[in-house]
Amino acid sequence: MPDKIRISVSHNKGTRFFALSPKRKNMVILSLLLGISSFVFTCFGLHYFYQQQQLSKLAITHLQEQNKGLNKLIIDNNSNNHELTQQLETKEDELLVISQRIEDVESVLGLQELSEDDSLLAEKTLEQRLDVAAIDSAVRATMFRLIPNDTPLNYTRESSSFGRRTNPISGKRQRHLGLDLTCKRGTEIYAPADGVIELARGSNKGYGNLLKVQHSFGFMTMYAHLQKFKVRSGQFVKKGDLIATCGNSGNSTGPHLHYEVRFLGRVLNPRSFIDWTPEKFDSLFEKERSVKWTPLVNVISNVVKLQLKLTQKPTIEQVEAINTVKAEQKNNQQLTQ
(Lines of atoms letter the chains of each structure in order from A and count residues from 1; the text may use other names and numbers.)
(Lines give C-alpha, C1' and ligand atoms only; values in the text may rest on other atoms or scores of the structure.)
Protein backbone atom coordinates (compact mmCIF):
# COMPACT_ATOMS: atom_id res chain seq x y z
CA MET A 1 0.00 0.00 0.00
CA PRO A 2 2.05 2.84 -1.34
CA ASP A 3 -0.24 5.54 0.22
CA LYS A 4 0.66 4.39 3.70
CA ILE A 5 3.55 5.76 5.66
CA ARG A 6 5.69 3.18 7.41
CA ILE A 7 7.46 4.13 10.60
CA SER A 8 10.07 1.86 12.17
CA VAL A 9 11.07 2.03 15.82
CA SER A 10 14.20 0.14 16.87
CA HIS A 11 14.85 -1.01 20.44
CA ASN A 12 16.77 -3.80 22.27
CA LYS A 13 14.11 -6.38 21.48
CA GLY A 14 14.06 -5.69 17.78
CA THR A 15 12.39 -3.34 15.39
CA ARG A 16 8.72 -2.55 15.24
CA PHE A 17 6.93 -1.12 12.27
CA PHE A 18 3.93 1.20 12.23
CA ALA A 19 1.88 2.10 9.22
CA LEU A 20 -0.15 5.33 8.93
CA SER A 21 -2.91 5.67 6.47
CA PRO A 22 -3.27 8.96 4.57
CA LYS A 23 -6.20 9.92 6.76
CA ARG A 24 -4.24 9.41 9.95
CA LYS A 25 -1.28 11.11 8.37
CA ASN A 26 -3.36 14.22 7.73
CA MET A 27 -4.70 14.14 11.29
CA VAL A 28 -1.18 13.89 12.69
CA ILE A 29 0.02 16.75 10.52
CA LEU A 30 -3.01 18.84 11.48
CA SER A 31 -2.46 18.09 15.15
CA LEU A 32 1.18 19.08 14.87
CA LEU A 33 0.25 22.31 13.13
CA LEU A 34 -2.39 23.09 15.75
CA GLY A 35 0.06 22.31 18.55
CA ILE A 36 2.75 24.45 17.02
CA SER A 37 0.26 27.26 16.37
CA SER A 38 -1.05 27.07 19.94
CA PHE A 39 2.49 27.13 21.30
CA VAL A 40 3.44 30.11 19.16
CA PHE A 41 0.20 31.94 20.09
CA THR A 42 0.76 31.18 23.77
CA CYS A 43 4.32 32.48 23.58
CA PHE A 44 3.19 35.68 21.88
CA GLY A 45 0.37 36.05 24.41
CA LEU A 46 2.71 35.58 27.37
CA HIS A 47 5.18 38.03 25.87
CA TYR A 48 2.40 40.57 25.31
CA PHE A 49 1.06 40.24 28.87
CA TYR A 50 4.61 40.46 30.23
CA GLN A 51 5.16 43.69 28.32
CA GLN A 52 1.81 45.05 29.57
CA GLN A 53 2.77 44.13 33.12
CA GLN A 54 6.08 45.94 32.81
CA LEU A 55 4.34 48.98 31.33
CA SER A 56 1.80 48.92 34.19
CA LYS A 57 4.62 48.79 36.74
CA LEU A 58 6.31 51.74 35.06
CA ALA A 59 3.01 53.64 35.02
CA ILE A 60 2.42 52.86 38.72
CA THR A 61 5.94 53.98 39.60
CA HIS A 62 5.43 57.19 37.62
CA LEU A 63 2.08 57.83 39.32
CA GLN A 64 3.62 57.19 42.74
CA GLU A 65 6.36 59.72 42.00
CA GLN A 66 3.73 62.20 40.82
CA ASN A 67 1.72 61.52 43.98
CA LYS A 68 4.76 62.22 46.16
CA GLY A 69 5.37 65.44 44.27
CA LEU A 70 1.74 66.50 44.64
CA ASN A 71 1.75 65.66 48.36
CA LYS A 72 4.87 67.77 48.84
CA LEU A 73 3.25 70.58 46.85
CA ILE A 74 0.10 70.33 48.98
CA ILE A 75 2.16 70.47 52.20
CA ASP A 76 4.07 73.50 50.92
CA ASN A 77 0.84 75.20 49.86
CA ASN A 78 -0.77 74.48 53.24
CA SER A 79 2.26 75.94 54.96
CA ASN A 80 2.17 79.03 52.75
CA ASN A 81 -1.58 79.36 53.26
CA HIS A 82 -1.06 79.15 57.04
CA GLU A 83 1.53 81.92 56.94
CA LEU A 84 -0.54 84.05 54.57
CA THR A 85 -3.66 83.55 56.70
CA GLN A 86 -1.82 84.65 59.83
CA GLN A 87 -0.33 87.64 58.02
CA LEU A 88 -3.72 88.57 56.55
CA GLU A 89 -5.44 88.35 59.92
CA THR A 90 -2.68 90.44 61.45
CA LYS A 91 -3.03 93.06 58.72
CA GLU A 92 -6.81 93.09 59.15
CA ASP A 93 -6.36 93.75 62.85
CA GLU A 94 -3.86 96.51 62.11
CA LEU A 95 -6.20 98.14 59.58
CA LEU A 96 -9.05 97.89 62.06
CA VAL A 97 -6.96 99.58 64.70
CA ILE A 98 -5.85 102.30 62.29
CA SER A 99 -9.46 102.93 61.26
CA GLN A 100 -10.45 103.51 64.86
CA ARG A 101 -10.00 106.89 66.44
CA ILE A 102 -6.91 106.14 68.49
CA GLU A 103 -6.52 109.80 69.32
CA ASP A 104 -9.85 109.76 71.16
CA VAL A 105 -8.87 106.65 73.09
CA GLU A 106 -5.53 108.13 74.05
CA SER A 107 -7.27 111.34 75.06
CA VAL A 108 -9.62 109.43 77.37
CA LEU A 109 -6.72 107.51 78.87
CA GLY A 110 -4.57 110.62 79.20
CA LEU A 111 -1.99 109.30 76.73
CA GLN A 112 -1.39 112.55 74.80
CA GLU A 113 2.02 113.61 73.61
CA LEU A 114 4.32 114.27 76.51
CA SER A 115 5.42 117.81 77.24
CA GLU A 116 9.07 118.66 77.82
CA ASP A 117 8.66 118.25 81.58
CA ASP A 118 6.82 114.96 81.08
CA SER A 119 9.57 113.77 78.74
CA LEU A 120 12.16 114.41 81.42
CA LEU A 121 9.98 112.61 83.91
CA ALA A 122 9.57 109.65 81.54
CA GLU A 123 13.32 109.17 81.50
CA LYS A 124 13.26 108.31 85.18
CA THR A 125 12.92 104.78 86.42
CA LEU A 126 9.58 102.99 86.66
CA GLU A 127 9.62 103.16 90.44
CA GLN A 128 9.90 106.96 90.25
CA ARG A 129 7.13 107.27 87.66
CA LEU A 130 4.69 104.82 89.22
CA ASP A 131 4.46 104.43 92.97
CA VAL A 132 3.16 100.86 93.12
CA ALA A 133 3.02 100.83 96.90
CA ALA A 134 0.63 103.81 96.86
CA ILE A 135 -1.98 101.94 94.80
CA ASP A 136 -4.68 100.88 97.26
CA SER A 137 -6.48 97.54 97.32
CA ALA A 138 -9.65 98.86 95.63
CA VAL A 139 -7.69 100.14 92.63
CA ARG A 140 -5.72 96.89 92.43
CA ALA A 141 -8.90 94.81 92.52
CA THR A 142 -10.40 96.95 89.75
CA MET A 143 -7.28 96.58 87.62
CA PHE A 144 -7.33 92.78 88.01
CA ARG A 145 -10.98 92.78 86.97
CA LEU A 146 -10.55 95.00 83.89
CA ILE A 147 -7.05 94.19 82.57
CA PRO A 148 -6.17 90.63 81.38
CA ASN A 149 -4.26 88.68 84.01
CA ASP A 150 -3.43 85.13 85.11
CA THR A 151 -3.73 82.06 82.85
CA PRO A 152 -6.91 81.55 80.79
CA LEU A 153 -6.76 77.74 81.17
CA ASN A 154 -5.00 74.85 82.89
CA TYR A 155 -2.35 73.98 80.32
CA THR A 156 0.21 71.18 80.22
CA ARG A 157 3.20 73.17 79.01
CA GLU A 158 4.23 76.14 76.90
CA SER A 159 5.04 74.60 73.52
CA SER A 160 5.98 77.85 71.77
CA SER A 161 6.91 81.18 73.32
CA PHE A 162 6.41 84.78 72.19
CA GLY A 163 8.85 86.20 69.62
CA ARG A 164 11.02 84.68 66.89
CA ARG A 165 10.65 80.93 66.42
CA THR A 166 10.74 78.14 63.82
CA ASN A 167 7.23 77.51 62.48
CA PRO A 168 6.41 73.83 63.22
CA ILE A 169 4.47 73.50 59.94
CA SER A 170 6.60 75.46 57.44
CA GLY A 171 9.94 75.06 59.21
CA LYS A 172 10.70 78.74 58.58
CA ARG A 173 11.87 81.34 61.09
CA GLN A 174 9.17 83.92 61.74
CA ARG A 175 7.72 86.09 64.49
CA HIS A 176 5.26 84.36 66.81
CA LEU A 177 2.66 86.86 68.01
CA GLY A 178 1.48 84.91 71.06
CA LEU A 179 1.96 81.86 73.26
CA ASP A 180 1.12 78.26 72.35
CA LEU A 181 -0.20 76.48 75.46
CA THR A 182 -0.52 72.70 75.12
CA CYS A 183 -3.73 71.29 76.58
CA LYS A 184 -6.10 68.35 76.37
CA ARG A 185 -8.90 68.59 73.84
CA GLY A 186 -11.96 70.10 75.53
CA THR A 187 -10.05 71.90 78.31
CA GLU A 188 -12.12 74.90 79.44
CA ILE A 189 -10.90 78.43 78.69
CA TYR A 190 -11.95 81.36 80.89
CA ALA A 191 -12.02 85.12 80.35
CA PRO A 192 -8.92 86.74 81.96
CA ALA A 193 -10.84 90.01 82.51
CA ASP A 194 -14.21 91.67 81.95
CA GLY A 195 -14.96 92.38 78.31
CA VAL A 196 -17.17 91.92 75.27
CA ILE A 197 -16.87 89.24 72.58
CA GLU A 198 -15.73 91.03 69.42
CA LEU A 199 -15.45 87.96 67.18
CA ALA A 200 -16.36 84.26 67.31
CA ARG A 201 -15.45 82.84 63.90
CA GLY A 202 -15.42 79.17 62.94
CA SER A 203 -12.86 77.93 60.39
CA ASN A 204 -10.79 74.87 59.49
CA LYS A 205 -7.89 76.92 58.11
CA GLY A 206 -5.21 79.17 59.56
CA TYR A 207 -6.12 80.05 63.15
CA GLY A 208 -9.10 77.67 63.02
CA ASN A 209 -11.93 78.53 65.39
CA LEU A 210 -10.99 82.04 66.50
CA LEU A 211 -12.26 84.15 69.40
CA LYS A 212 -11.47 87.80 70.18
CA VAL A 213 -12.39 89.59 73.41
CA GLN A 214 -12.24 93.38 73.78
CA HIS A 215 -11.38 94.52 77.30
CA SER A 216 -11.28 97.95 78.92
CA PHE A 217 -8.74 100.69 78.14
CA GLY A 218 -7.74 99.30 74.70
CA PHE A 219 -6.68 95.78 75.74
CA MET A 220 -7.68 92.78 73.61
CA THR A 221 -7.11 89.03 73.96
CA MET A 222 -7.28 86.45 71.15
CA TYR A 223 -7.76 82.68 71.29
CA ALA A 224 -7.07 80.38 68.28
CA HIS A 225 -7.41 76.68 67.32
CA LEU A 226 -10.44 76.30 69.60
CA GLN A 227 -12.71 73.26 69.75
CA LYS A 228 -16.01 74.92 70.70
CA PHE A 229 -17.30 78.41 71.47
CA LYS A 230 -19.19 78.96 74.72
CA VAL A 231 -20.09 82.57 73.89
CA ARG A 232 -21.31 84.53 70.86
CA SER A 233 -20.30 87.82 69.24
CA GLY A 234 -21.51 90.88 71.14
CA GLN A 235 -21.89 89.02 74.43
CA PHE A 236 -20.55 90.67 77.60
CA VAL A 237 -18.44 88.48 79.85
CA LYS A 238 -16.95 88.83 83.31
CA LYS A 239 -13.56 87.72 84.49
CA GLY A 240 -13.65 83.94 85.04
CA ASP A 241 -16.57 83.27 82.67
CA LEU A 242 -16.28 80.18 80.45
CA ILE A 243 -15.73 81.36 76.86
CA ALA A 244 -14.41 78.35 74.87
CA THR A 245 -12.71 74.94 74.96
CA CYS A 246 -9.24 74.00 73.76
CA GLY A 247 -8.97 72.17 70.43
CA ASN A 248 -6.95 71.46 67.31
CA SER A 249 -8.81 73.35 64.57
CA GLY A 250 -7.07 75.04 61.63
CA ASN A 251 -3.38 74.56 60.87
CA SER A 252 -2.26 72.91 64.08
CA THR A 253 0.06 70.04 64.96
CA GLY A 254 -1.84 69.09 68.12
CA PRO A 255 -4.39 70.31 70.68
CA HIS A 256 -3.25 73.68 72.04
CA LEU A 257 -4.34 77.27 72.63
CA HIS A 258 -2.72 80.10 70.69
CA TYR A 259 -3.11 83.05 73.08
CA GLU A 260 -2.43 86.70 72.23
CA VAL A 261 -2.66 89.96 74.18
CA ARG A 262 -2.77 93.34 72.43
CA PHE A 263 -2.96 96.98 73.49
CA LEU A 264 -4.33 99.42 70.90
CA GLY A 265 -3.45 96.85 68.23
CA ARG A 266 0.16 96.35 69.35
CA VAL A 267 1.08 92.79 70.29
CA LEU A 268 2.37 92.30 73.84
CA ASN A 269 3.99 89.30 75.46
CA PRO A 270 1.15 87.25 77.00
CA ARG A 271 3.59 85.73 79.51
CA SER A 272 3.79 89.11 81.29
CA PHE A 273 0.01 89.08 81.82
CA ILE A 274 -0.16 85.39 82.79
CA ASP A 275 2.50 85.99 85.47
CA TRP A 276 0.70 89.12 86.74
CA THR A 277 -0.96 88.13 90.03
CA PRO A 278 -1.75 89.95 93.31
CA GLU A 279 1.43 88.44 94.75
CA LYS A 280 3.46 89.85 91.83
CA PHE A 281 1.55 93.09 91.33
CA ASP A 282 4.49 95.18 90.09
CA SER A 283 5.80 92.53 87.63
CA LEU A 284 3.61 93.68 84.73
CA PHE A 285 4.71 97.32 84.99
CA GLU A 286 8.35 96.27 84.94
CA LYS A 287 8.05 93.91 81.95
CA GLU A 288 5.65 95.84 79.70
CA ARG A 289 7.16 99.31 79.31
CA SER A 290 5.28 100.03 76.05
CA VAL A 291 2.10 100.78 78.02
CA LYS A 292 2.03 104.12 79.85
CA TRP A 293 0.83 102.76 83.16
CA THR A 294 0.90 105.97 85.22
CA PRO A 295 -1.96 107.78 83.41
CA LEU A 296 -3.87 104.50 83.15
CA VAL A 297 -3.61 103.88 86.89
CA ASN A 298 -4.68 107.48 87.52
CA VAL A 299 -7.80 107.01 85.37
CA ILE A 300 -8.72 103.80 87.19
CA SER A 301 -8.04 105.45 90.55
CA ASN A 302 -10.40 108.33 89.68
CA VAL A 303 -13.10 105.87 88.61
CA VAL A 304 -12.76 103.98 91.89
CA LYS A 305 -12.92 107.21 93.91
CA LEU A 306 -16.08 108.24 92.06
CA GLN A 307 -17.67 104.87 92.77
CA LEU A 308 -16.81 105.19 96.44
CA LYS A 309 -18.36 108.65 96.59
CA LEU A 310 -21.55 107.39 94.97
CA THR A 311 -21.86 104.52 97.43
CA GLN A 312 -21.13 106.58 100.56
CA LYS A 313 -23.97 107.94 102.70
CA PRO A 314 -24.49 111.72 102.46
CA THR A 315 -23.07 113.85 105.28
CA ILE A 316 -25.24 116.00 107.59
CA GLU A 317 -24.29 119.11 105.64
CA GLN A 318 -25.31 117.44 102.38
CA VAL A 319 -28.67 116.36 103.88
CA GLU A 320 -29.33 119.90 105.17
CA ALA A 321 -28.47 121.37 101.76
CA ILE A 322 -30.85 118.94 100.04
CA ASN A 323 -33.65 119.77 102.50
CA THR A 324 -33.09 123.50 101.95
CA VAL A 325 -33.37 123.08 98.17
CA LYS A 326 -36.57 121.03 98.57
CA ALA A 327 -38.07 123.69 100.89
CA GLU A 328 -37.27 126.47 98.43
CA GLN A 329 -38.84 124.49 95.60
CA LYS A 330 -41.99 123.94 97.72
CA ASN A 331 -42.25 127.66 98.55
CA ASN A 332 -41.85 128.60 94.90
CA GLN A 333 -44.67 126.23 93.96
CA GLN A 334 -46.97 127.75 96.61
CA LEU A 335 -46.24 131.28 95.39
CA THR A 336 -47.03 130.38 91.81
CA GLN A 337 -50.38 128.92 92.88
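For all residues, glycine too, the Cβ spot is worked out from N, Cα and C.
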Select from 74-101, 158-185 the stretch of residues annotated by TrEMBL as coiled coil.
74-101
Mind checking how the domain 'M23ase beta-sheet core' (175-270) divides into helix, strand and coil residues in DSSP?
4 helix, 52 strand, 40 coil
